[in-house]
Amino acid sequence: MSMASKTPVGFIGLGNMGNPMAKNLMKHGYPLIIYDVFPDACKEFQDAGEQVVSCPADVAEKADRIITMLPTSINAIEAYSGANGILKKVKKGSLLIDSSTIDPAVSKELAKEVEKMGAVFMDAPVSGGVGAARSRNLTFMVGGVEDEFAAAQELLGCMGSNVVYCGAVGTGQAAKICNNMLLAISMIGTAEAMNLGIRLGLDPKLLAKILNMSSGRCWSSDTYNPVPGVMDGVPSANNYQGGFGATLMAKDLGLAQDSATNTKSPILLGSLAHQIYRMMCAKGYSKKDFSSVFQFLREEETF
């Protein structure tokens, strides 16, 4: 590692995704300046010798490269523009990379505010889930000034196997929103197909095997199957704990819905997926992984 690469990196947001992402930066020799709104999330990093600070502004004071990984647009706005936000103490020339999945319009607005402070903002949402975050196999979709992409790629490559430049600020978010809409649709389709097959008397493992060697194969069927007992190491094998929460999927589908409205784009299945995940959240599935749509459909005889 060069000395330059060993300068501290700020990391804000140590949830299901942020935690393993930050650990992979540590494995690559980066000292971390970290903050999370929940102090308990920082404890294992503090125990490992990393520096914990009390607000995002303090991260910006101590690091000129910062990665944020937050649940919603509101959280991102607070982390950057809040009373104790990054922009209160950001240094000129700093590189700020937001890996949250938020509204592309919010990313563009944050970029303008960051630019006024003489710093650089890039949106770099991720795909791959918690498993890929742990194994450093995420895909990053990056939007921002192309001249800064190499600098961002150096950091993001420590956490993912694919780092793709998408264009101007906001295009990373656009790619992520489209991906997650398709993921939600395919997960619901996989859950429906598996449920129907089971009720027709098929063994779920056999059905999954057939789907995965046939034209119905998709990531939801072959890597993240929603049926308990079909695969190990996925949320469906652990009572749908961990992974990507149904609340976050509903949020991302809402972003897709807003974007579709703004661009006059028909997303018939995307809109229906949004309604299904909103119903799930209202019926007690909000903290379960989004693959729990299988369980939800099994319980909803009215469908």
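Just so you know, glycine gets a Cβ as well, placed from its N, Cα and C.
Remember, predicted model here, so these are calculated numbers, not experimental data.
Feature annotations, reproduced from TrEMBL:
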BINDING   7-35, 70-71, Asn75, Thr101, Lys251  NAD(+) binding site
DOMAIN    9-167  domain '6-phosphogluconate dehydrogenase NADP-binding'
DOMAIN    170-296  domain '3-hydroxyisobutyrate dehydrogenase-like NAD-binding'
ACT_SITE  Lys176  active site
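Taking the Cβ of Ala22 (NAD(+) binding site) as centre and 10 Å as the limit, one finds 28 other Cβ atoms among all the protein chains shown. Taking the C-alpha positions, the distance from Leu32 (NAD(+) binding site) to the residue listed as 'active site' comes to 26 Å. Using DSSP to sort the residues of the domain '3-hydroxyisobutyrate dehydrogenase-like NAD-binding' (170-296) gives these counts of helix, strand and coil: 88 helix, 2 strand, 37 coil. Around the Cβ of Thr7 (NAD(+) binding site), the number of neighbouring Cβ atoms within 10 Å comes to 12. The binding-site residues Ile12, Met17, Leu32 differ in how many other CB atoms lie within 10 Å of their CB, and the one with the most is Ile12. Residue pair Thr7 (NAD(+) binding site) / Lys176 (active site) shows a Cα separation of 30 Å. Shown are the recorded positions Lys27, Lys176; the one with the most C-beta atoms within 10 angstroms of its own C-beta is Lys176. The CA atom of Ile12 (NAD(+) binding site) is located 20 Å away from the CA atom of the residue listed as 'active site'. Annotation for Pro71 (NAD(+) binding site): spatial neighbours Gly13, Gly15, Ser100, Leu248, Lys251, criterion Cβ-Cβ under 8 Å with sequence separation of six or more.
Cα of Lys27 (NAD(+) binding site) to Cα of the residue listed as 'active site': a distance of 26 Å. Each residue contributes its Cα atom, and for Met17 (NAD(+) binding site) and the residue listed as 'active site' these two points are 15 Å apart.
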